[in-house]
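J.: TrEMBL lists these features:
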BINDING   His98, Ser115, Tyr201, Met202, Asn203, Ser222, His317, Pro318, Glu319, Thr334  iminosuccinate binding site
BINDING   Cys162, Cys291, Cys381  [4Fe-4S] cluster binding site
Amino acid sequence: MTTSTLSVDTEIQLIAAGAPGATGSTCTPGLADGPWVFDLQPAPSYGPGASLADPIPADTPRQGVLPEVYKTASKDELDARIRAAKATLGDRVVILGHFYQRDEVVQYADFVGDSFQLANAALTVPQAEAIVFCGVHFMAETADILAGESQSVILPNLAAGCSMADMADIDSVEEAWAQLAELYGTEPDADGRVPVIPVTYMNSSADLKGFCGRNGGIVCTSSNAATVLEWAFERGQRVLFFPDQHLGRNTAKAMGVPLEQMPMWNPRKELGGSTEAELLNARVILWHGFCSVHKRFSVAQIERARAAYPGVQVIVHPECPMPVVDAADSAGSTDFIVKAIAAAPAGTTFAIGTEINLVQRLANEYPQHTIFCLDDVICPCSTMYRIHPGYLAWVLEELVEGRVVNQISVSADVAVPARVALDRMLAARP
Ligand code: 13P
Ligand code: SF4
């Protein structure tokens, strides 16, 4: 794996500089080097599932103080400590790293991948006493649900959440479900299809995965969303899709569902803000959620990239808004993007619409291509960025001492039905 000695901010600015009109500026300077300053701020601040300036959901654990030694250690000291702890622990620990993690962390991962691959990876390491998940809160929860009884799942910084995941909570989804049941009834049609199937994106709390398991539903990731929607349409007349409206809309549109049959559900409004007629005609009801990182990509950026680099291949993540996906050459999960670049002939130019750490890594790994991020002002996923090597060193050294810190543990009443929905997801291969 390619790693770099440049600081993260410097690297980000280099990649940003490829985009037409780029200023090379980042929207969150300083995020890279001292994320602990956000750990204990009063709300609005960071918390599991929260992004910059989002309120912390009630009753969530907060990141405690990271011991000073891990904040002040140099990069080389942290590197030595992490490597030594990993060597001592051997097979007792497995480190999983999402593609959006910074290279400084990815270099220690035993598995690097997208959400679907990392969920599978959690299943394949029964020998490990501890799974250290370098990703965000919902990924660690999923790993805990899939992992064995005796395994502990650790999120190095509890403040690594996902703002999109927080846009749907169990109370709002239960309320929506009750309103829909009143409208549609609960009886299947002549083909045995129930009125509505709940589908939650992997980027959601364990509660919501449990809700899907209890109500005949399923989990999807961005790599198997189309397979999952097919599964759902075989069993239901329509789908309630949460929390990401864009993934839901882009996937259903590609399957031929007309936009007028995809009303939005805004949990703050009666009937989600749609009319009864719209909901009766619906095939996919889209929750009002989005990713703040992918929402930044625009058609104007694609037009600028095409003007500056004729023949450029534009690939975006399906969390981008529909006009962006429509204007791109292709759209797919992080793994799709990785594979498309790996398969391209040397000398291809790519403009990528996804999180900068992945774009930056691909640009480093494939110097035979020109690869840049579509956005000229770079916004990393601020919550993925919470996993600094200082936290990783801390949780590993605690494990060496026989202590499990920052454990993510999903209670059985949630985990059992969530596992049902996750097993359905794992069977729906991309
Ligand atoms: P992938 O499933 O493509 O890895 O995406 C996860 C994510 O959080 C994207 O924002
Ligand atoms: Fe959540 Fe978006 Fe970050 Fe993915 S990139 S973890 S969806 S905030």
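The backbone N, Cα and C atoms fix where each Cβ goes, and this holds for glycine too.
Relative to the rest of the structure, where do these features sit?
T.: Classification of Tyr201 (iminosuccinate binding site) by DSSP places it within a strand. Cβ-based neighbour count (10 Å, all protein chains) for Tyr201 (iminosuccinate binding site) stands at 29.
A coil conformation is recorded for Cys162 ([4Fe-4S] cluster binding site) in the three-state DSSP classification, outside any helix or strand. Using a 10 Å Cβ-Cβ cutoff, Cys162 ([4Fe-4S] cluster binding site) registers 27 neighbours.
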J.: With the Cβ under 6 Å from ligand 2 as the test, give me the qualifying entries from the binding-site residues His98, Tyr201, His317.
T.: none
J.: Per the record, iminosuccinate is bound by His98, Ser115, Tyr201, Met202, Asn203, Ser222, His317, Pro318, Glu319, Thr334: how many Å separate the farthest pair of Cα atoms?
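T.: 17 Å is the greatest Cα spacing among the residues binding iminosuccinate.
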J.: Under 6 Å from ligand 1 by Cβ, which binding-site residues from Tyr201, Cys291, Glu319, Cys381?
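T.: Those binding-site residues that pass the cut-off, since their Cβ is under 6 Å from ligand 1, are Cys291, Glu319.
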J.: Mind giving me a neighbour count for His98 (iminosuccinate binding site)? Other Cβ atoms within 10 Å of its Cβ, every protein chain shown.
T.: 28
J.: Pop the Cα-Cα gap between His98 (iminosuccinate binding site) and Cys291 ([4Fe-4S] cluster binding site) into the table, whole Å please.
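T.: His98 (iminosuccinate binding site) has its Cα 16 Å from the Cα of Cys291 ([4Fe-4S] cluster binding site).
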J.: Rounded to the nearest angstrom, how far is the Cα of Cys162 ([4Fe-4S] cluster binding site) from the Cα of Tyr201 (iminosuccinate binding site)?
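T.: The Cα atom of Tyr201 (iminosuccinate binding site) is 12 Å away from the Cα atom of Cys162 ([4Fe-4S] cluster binding site).
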J.: In whole Å, how far is Glu319 (iminosuccinate binding site) from Cys162 ([4Fe-4S] cluster binding site) when you measure between their Cα atoms?
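T.: Between the alpha carbons of Cys162 ([4Fe-4S] cluster binding site) and Glu319 (iminosuccinate binding site) there are 13 Å.
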